[in-house]
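As written in Swiss-Prot, here are the features:
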- 1-16: signal peptide (SIGNAL)
- CYS42-CYS131: disulfide bond (DISULFID)
- CYS44-CYS60: disulfide bond (DISULFID)
- CYS59-CYS111: disulfide bond (DISULFID)
- CYS65-CYS138: disulfide bond (DISULFID)
- CYS66-CYS104: disulfide bond (DISULFID)
- CYS73-CYS97: disulfide bond (DISULFID)
- CYS91-CYS102: disulfide bond (DISULFID)
- LYS121: site 'Important residue of the cationic membrane-docking site (MDoS)' (SITE)
- 121-133: region 'Important for membrane-damaging activities in eukaryotes and bacteria' (REGION)
- LYS124: site 'Important residue of the cationic membrane-docking site (MDoS)' (SITE)
- LEU127: site 'Hydrophobic membrane-disruption site (MDiS)' (SITE)
- LYS128: site 'Cationic membrane-docking site (MDoS)' (SITE)
- PHE130: site 'Hydrophobic membrane-disruption site (MDiS)' (SITE)
- LYS133: site 'Cationic membrane-docking site (MDoS)' (SITE)
Amino acid sequence: MRTLWIMAVLLLGVEGSVIELGKMIFQETGKNPATSYGLYGCNCGPGGRRKPKDATDRCCYVHKCCYKKLTDCDPIKDRYSYSWVNKAIVCGEDNPCPKEMCECDKAVAICFRENLDTYDKKKKINLKLFCKKTSEQC
């Protein structure tokens, strides 16, 4: 459980329902979220959006954009619940805000799984100093 908390802090600062996000990533990829994605590329972890290094890094870029588009939500404080049913993430909220947050987190976890072939261990701990700003809009 401690590893999931550390992962969440690294992956998104303190945004979102961090325990659930960590569980989703592990369930979809089988990877330890903290050590595999916590500081990956230019977009995973704290900081703004930068030019993605690869498809895995783009998952984090899109996730940050997803959070940015949330309405009437506080991704830092709000929490949500979800279920793992037949190897699929099911967001279980009726309230729009937690459901939207859950859908953002579900999308990044699935994106990581779909792009496991682009995952590069050399980008696991990337110094953000060498990341370029992007003109790409969310």
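Yeah, the Cβs are placed from backbone N, Cα and C, and that goes for glycine too.
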Would you kindly give the Cα-Cα distance separating CYS104 (disulfide bond) and LEU127 (site 'Hydrophobic membrane-disruption site (MDiS)'), rounded to the nearest Å? 25
Please list, for the region 'Important for membrane-damaging activities in eukaryotes and bacteria' (121-133), how many residues fall into helix, strand and coil according to DSSP. 6 helix, 2 strand, 5 coil
Quick note, CYS60 (disulfide bond) and CYS73 (disulfide bond): C-alpha atoms separated, nearest Å, by 19
Candidates CYS91, CYS131, CYS138 (disulfide-bonded residues); nearest Cα to CYS44 (disulfide bond) turns out to be CYS131
Just to verify a number: CA distance, CYS65 (disulfide bond) to CYS42 (disulfide bond), in angstrom, no decimals. 14
Want to know which recorded positions, from CYS91, CYS102, CYS111, LYS128, PHE130, are within 10 Å of CYS42 (disulfide bond) at Cα; which are they? LYS128, PHE130
Counting distance between Cα atoms, which of the recorded positions CYS73, LYS124, LYS128, CYS131 is nearest CYS66 (disulfide bond)? CYS73
Where's the emptiest Cβ shell within 10 Å among the disulfide-bonded residues CYS73, CYS97, CYS104, CYS138? CYS138
Check: min Cα-Cα distance from PHE130 (site 'Hydrophobic membrane-disruption site (MDiS)') over recorded positions CYS59, CYS102, CYS111, LYS124, CYS138 goes to LYS124
Secondary structure at CYS44 (disulfide bond), reduced by DSSP to three states: coil
For CYS65 (disulfide bond), which of the three DSSP-derived states applies: helix, strand, or coil? helix
